[in-house]
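Okay, structure first, notes after.
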Amino acid sequence: MASVMMYNSTLSSVLNDSLFVDVENFTLTENFTSFLPPRFSVKPRILPGIVRGNHSVELDHTDQLRATNDTEHYIVGFVMIIMAMLGIVANGILIHSVLRTSVFGRFYGRLLLHRSMAEVVSCLIIATFFTPYVMISSSISDSLNIAFTTMFAFSLSTTYLIHFLVAVNRFCAVYFPIYYNRSSQALWKQAAGHLLVAVLAGIVTSLSFFFKCSQFVFSRRRYDILALGCDYSDHEFSETKRMITIVVIIWGSCAFAALSVDLLTLGRVILYTTIMKSTVSLSYRQNLRFFLQSFSLNIVICSGVVTTHVLSDHFDSSFTRFWFSLFHVMLGFILNGVIPVLFNSALRDMWRRRNATIVSVASKMYS
């Protein structure tokens, strides 16, 4: 009887001590299991958002990433806030330019406007939520994390879908110029295009709510979007991982499909300019310029998809992984606002200060 009581007290003390272990890094060791009789089967069970504060236990609790220290958190947070501010400024300039000039076609210009607005929202979420979470707080409520991360995923889905729609827009303008100029400028068609983007982005984002523990959260440990944690005994664990993979595949498919459409457009542009060197019209040159900026952006986005979802998983440090994941996404936000301005002199000229003359004022009044 005394031996049984000693065994129970020893087992109770070990179990009580284990309640205060960091669950994200906790693994069952041989010494721990040696206290248990053979009839006991031990299975690691991790519950979402309950242990040591109210922070989320993400789906990747079995990974082997080296833990980051406070210095690395501060460096990453500082880079995030700088990149987010640059993204807001760059896309804000593009929004202002598109609204004030008619250098873009009506539909094409509104697509750029829609994409820049989505990226401004993404940058604001990074600046106001992700950055303070990384630099200041190590615990945050799951509800707040899910809300902000879901908004970020929606705006990111919108960005990827518009990348593809912009490529299709350039394809139609080059291959079917007469039909494009006659039909694509109708307001109801533009409204339908923007509504379709919003609906598809909402569907893609809603995939994270198909299972009880698959909602998107931002991981302070990995500096990335992950899913709220399930335990291995839950039959939905594999389904949750599958839903995340589906969302990533949709984002990557939009990026690479846009690049493929751009390559088809490039073939038509090269063929036309080779055959009709002396009669290339101004509108065709404008389409070529619009295509080049779309093509260069898609190169950046596709490289970002590869680094974020392929190369970044091969690093054993979250700090190193950050430069190949979230940093690349934020760099894309900045370039999306900068590249259209660099490729269009009319946008650059709009910011130059001109001296007004009587002739210029009169020409504007009577034009």
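Glycine too: its Cβ is placed from the backbone N, Cα and C atoms.
Where the annotation comes from TrEMBL, it is an automatic prediction and has not been curated.
Per TrEMBL, the feature transmembrane segment maps to 74-99 (among others).
Annotated domain 'G-protein coupled receptors family 1 profile' per TrEMBL: 90-367, in sequence order. In the predicted structure, the domain 'G-protein coupled receptors family 1 profile' (90-367) carries a mean pLDDT of 78.
The transmembrane segment annotation in TrEMBL covers 120-140 (among others). The list of residues near the transmembrane segment (120-140) in space but at least 6 beyond its ends in sequence, with Cβ under 8 angstroms from a Cβ of it, reads 52-55, 73-74, 76-78, 80-81, 83-85, 87-88, 91-92, 95, 148, 151-152, 155-156, 159, 218, 220, 223, 330, 333.
Residues 107, 110-111, 114, 150, 153-155, 157-158, 161-162, 165, 227, 230, 236, 239-240, 243-244, 246-247, 250-251 of the same chain sit 6 or more residues outside the transmembrane segment (192-211) yet have a Cβ under 8 Å from a Cβ within it. Residues annotated as transmembrane segment in TrEMBL: 192-211 (among others).
Feature annotation from TrEMBL assigns transmembrane segment to 243-267 (among others).
According to TrEMBL, the transmembrane segment annotation covers 288-310 (among others).
Annotation source TrEMBL lists transmembrane segment at 322-343 (among others).
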Under an 8 Å Cβ to Cβ limit, what residues of the same chain, 6 or more beyond the ends of the transmembrane segment (322-343), are close to it?
-> 76, 79-80, 83-84, 86-87, 89-94, 97, 112, 115-116, 119, 122-123, 126, 156, 159, 223-224, 289-290, 292-293, 296-297, 300-301, 303-304, 307-308, 311-312, 315
